[in-house]
């Protein structure tokens, strides 16, 4: 039988399998952060258990951290408790921790790949839904719950049902100013937030092949917003070039052996997929979400749809509810929407290529005085903040009026100091826009880094026309 990439990785990690039942899979890499791990470690202590493979377990602080200070007290008492507990847990169980004093500290789904922890063919888990990001390297990666975190800590295995295979081929010649974020938002808009439920999605096609690793990570990161368990892109020369020489990547003769194996991690011709889709993105424009779900998305030059556009009564009611919450009227143009804040960051779009693309838009420009704009590099001295400062990107952002912050999840979620106030509207490069995601009453519009940068005049602007716009 011809196997898909997913089936190859799944089968290679089976520890135990019973007919018509879930398999027990070996887990190659377990990533932790301060929010979803404390209860798991407490349970280990109560049951007098140890971590089976501490060298295959890595932790970082990202969700709760202050992005204005490295002071553990800066994010409030609850955040401090969670971070202190993570320090205690990692010390007791001999787990490597990227804490606030570690210059390599950053967002978990940024530091994993940049340090070479993430490798093709691996199984990777984390107590975070956007673990699908690592699938960009041809790794089977997915988010898990706290009870599963405990199970992996103790056994280095996890019970998993086989999932269905979905293939999404992306073809066409991308126009200027259209990004990976636009492509994946467009696909989510077509398939819906449950379109990938029960599936592992493999992305392929000429457009994917031409993407750099940062762009591929954006695509796989957002696959979870289609309801998919995981996403995969077959490793190729782009993957190998990114990984070579990184701290935890194989070295010397082991590198050559690894690449030889990684080249076998492709879906065989005529392998079976339960569903297949092909999208031509040749005529795609920059995308922006208008509602409270990632699939409520339009091209920047379109109008908010009339409720009668939706034939399905559920979608019609959701659209009406979204417009009420977002304070938008059907028939209004997206370019008429005024914003209060700009956020460039998150595990979706805080990597060096994201910063470079936004900096090109912002060079020699100034944000409006009524706008607050913050930029969050995804990591410290790894591949983002320090390299960006060496290139002078920080100066471009600061000169434009942005706050150049420390690594962390920040305004992606209303869990730290960086929140929207009630009624505030944000152009955000994050991944979720449900009610209150960025703060109670906050209104989130998901966009690419360059579209976020183009919103500097206090409203959404088609980045392709930015030079013709004025304050």
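For all residues, glycine too, the Cβ spot is worked out from N, Cα and C.
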Site co-member for [4Fe-4S] cluster according to Swiss-Prot, given 409, 412, out of 323, 347:
347
Applying a 10 Å Cβ distance cut-off over all chains shown, what neighbour count does residue 412 ([4Fe-4S] cluster binding site) have?
29
Under 8 Å by Cβ from residue 347 ([4Fe-4S] cluster binding site), counting only residues of that chain that are 6 or more apart:
107, 108, 109, 110, 130, 133, 221, 378, 409, 412, 431
For a quick check of packing: other C-beta atoms within 10 Å of the C-beta of residue 409 ([4Fe-4S] cluster binding site), how many?
29
Check residue 412 ([4Fe-4S] cluster binding site) against DSSP and tell me helix, strand or coil, would you?
helix
List, in sequence order, the residues of the same chain other than 347, 409, 412 whose Cβ lies within 8 Å of the centroid of the Cβ atoms of the recorded [4Fe-4S] cluster site.
62, 63, 107, 130, 345, 346, 348, 350, 408, 410, 413, 430, 431
